[in-house]
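Heads up: the structure comes next, in structure tokens.
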Amino acid sequence: MPVMRLFPCFLQLLAGLALPAVPPQQWALSAGNGSSEVEVVPFQEVWGRSYCRALERLVDVVSEYPSEVEHMFSPSCVSLLRCTGCCGDENLHCVPVETANVTMQLLKIRSGDRPSYVELTFSQHVRCECRHSPGRQSPDMPGDFRADAPSFLPPRRSLPMLFRMEWGCALTGSQSAVWPSSPVPEEIPRMHPGRNGKKQQRKPLREKMKPERCGDAVPRR
């Protein structure tokens with residue numbers, strides 16, 4: 001009976017000897033794959049991949065041909081080159097400056113009729129650039145600013161304009177201040193509740209402005 005107990009062990013030994021030997025190079029490769037180190041993509045490569053350029057994008061056929069919405073196409077979307085990506089300035093947008101037409105053959109399916117092949121022309125973006133969007137530039141105030149917006153609103157992320165709204169002056173490179181050209185209301189009383197619950201009259205806006213906090217005030221004529 002001891003022979004019967006050793007027989008399964010003998011079979012396992014034979015199976016282990018029949019397996020191919022693993023070279024030490026594969027051991028090192030397996031150990032390297034199991035490490036926790038992650039490759040870091042350098043900044044230049046990240047910037048190049050994310051910058052404004054024409055990339056392949058899937059576009060719905062119906063979005064390019066709205067009049068064909070009652071029909072079905074196969075495939076329902078096509079691969080086109082479209083401008084996408086980031087710009088170095090938040091006021092700039094990735095827009096196409098050169099386009100080209102491409103004609104594709106699709107299967108058009110009509111209700112009640114047999115499917116038929118049709119040729120549709122699509123526009124592809126060839127060259128892209130970062131430019132200002134039309135209708136968002138203002139000759140008086142730089143930055144991301146709409147032309148139809150009120151003139152007293154500061155542009156986004158414009159620190160000098162925030163100083164102008166708060167203190168009545170705008171900081172410049174020479175640390176001087178310039179009074180705003182828009183008229184400042186002086187005789188418009190506004191009532192607001194005081195600490196004791198009674199309404200109190202606010203001081204004129206010009207009295208709150210302290211140009212000495214921004215430097216030597218230079219009145220604008």
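Cβ coordinates come from backbone N, Cα and C, glycine included.
Note that the structure is predicted; figures quoted are calculated from it, not measured.
Feature annotations, courtesy of Swiss-Prot:
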COMPBIAS  192-203  compositional bias 'Basic residues'
COMPBIAS  204-221  compositional bias 'Basic and acidic residues'
DISULFID  C52-C94  disulfide bond
DISULFID  C83-C128  disulfide bond
DISULFID  C87-C130  disulfide bond
CARBOHYD  N33  N-linked glycosylation site
CARBOHYD  N101  N-linked glycosylation site
REGION    175-221  region 'Disordered'
REGION    193-213  region 'Heparin-binding'
SIGNAL    1-18  signal peptide
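On the structure: features taken from Swiss-Prot.
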residue: C52; record: disulfide bond; Cβ neighbours (10 Å): 20
residue: C83; record: disulfide bond; Cβ neighbours (10 Å): 21
residue: C87; record: disulfide bond; Cβ neighbours (10 Å): 16
residue: C94; record: disulfide bond; Cβ neighbours (10 Å): 19
residue: N101; record: N-linked glycosylation site; Cβ neighbours (10 Å): 8
residue: C128; record: disulfide bond; Cβ neighbours (10 Å): 21
residue: C130; record: disulfide bond; Cβ neighbours (10 Å): 17
*Round to a whole number and give the Cα-to-Cα distance in Å for the pair C128 (disulfide bond) and C87 (disulfide bond).*
11
*Going by C-alpha positions, which of the recorded positions (C52, C83, C94, N101) is nearest C130 (disulfide bond)?*
C94
*Taking Cα-Cα distance, which of the recorded positions C52, C94, N101 are within 10 Å of C83 (disulfide bond)?*
C52, C94
*Could you round the CA separation between N101 (N-linked glycosylation site) and C52 (disulfide bond) to a whole angstrom and send it over?*
21
*asked:* Return the average pLDDT for the region 'Heparin-binding' (193-213) as a whole number.
replied: 51
*Where C94 (disulfide bond) and C87 (disulfide bond) are concerned, what is their Cα separation in Å, rounded?*
7
